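Worksheet: one structure, shown below.
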Amino acid sequence: MTGGRPRSAGGRRPGETLTRDAILEAAMESFTAQGYSATTVRGVARAAGVDPALVIHFFGTKDGLFDAAVRIRDIPLRGLSEAVEGDPGLLGERLVRRYLSIWEDPEAAPLLYAILKAAATSEAAAELLRHFMTEEILVPIAKRLGIDHAETRATLAGSQLIGLALMRYILKVDAIAGVPAETIVRAVGPTVQRYLTGDLTLT
């Protein structure tokens, strides 16, 4: 199979790129439909019409495949950065409101579900989620606010938001999943606000 031969000095060949893209498409379909645990390299290879060895050739492991498949997508949570606009004193509520609206968007939800479920069983997926939530979204927001301990604040806010999604959308704990989004905004928003702009005792 030509896709399995070593890459030429000029970079990846067109046929190799198409094969790789087909594998990533099949992987993402499996991760979103079946979940991380039920997805296998062999199943992805079968769906993409390639040998499992070629999947390993490109991505190394299932963790590597998941990481690559997620990174080529436009992860909807990037929209959280829009929440920074407005009254700084209401940033926490705006963030939580925007966060919930993204999770409840039927087009965005399948990818988010796949990522969060994978993070519960794979350390590599958990690291991907932590990095994305903190380094790519919340740290830049904290730095834009010009406050101290931006990384720590972003990590605390991220832990609150990830935990909220886990309880409301994955575990579906009734006390959280069974109430209107705006009720959650009012309850959780002040906590996120304190993490981002309030007084933190870190010593």
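Keep in mind that glycine also has a Cβ here, set from the backbone N, Cα and C atoms.
Noted in TrEMBL for the protein shown:
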DOMAIN    17-77  domain 'HTH tetR-type'
DNA_BIND  40-59  DNA-binding region
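The predicted model assigns the DNA-binding region (40-59) a mean pLDDT of 95.
As a summary of secondary structure, the domain 'HTH tetR-type' (17-77) carries 46 helix, 0 strand, 15 coil according to DSSP.
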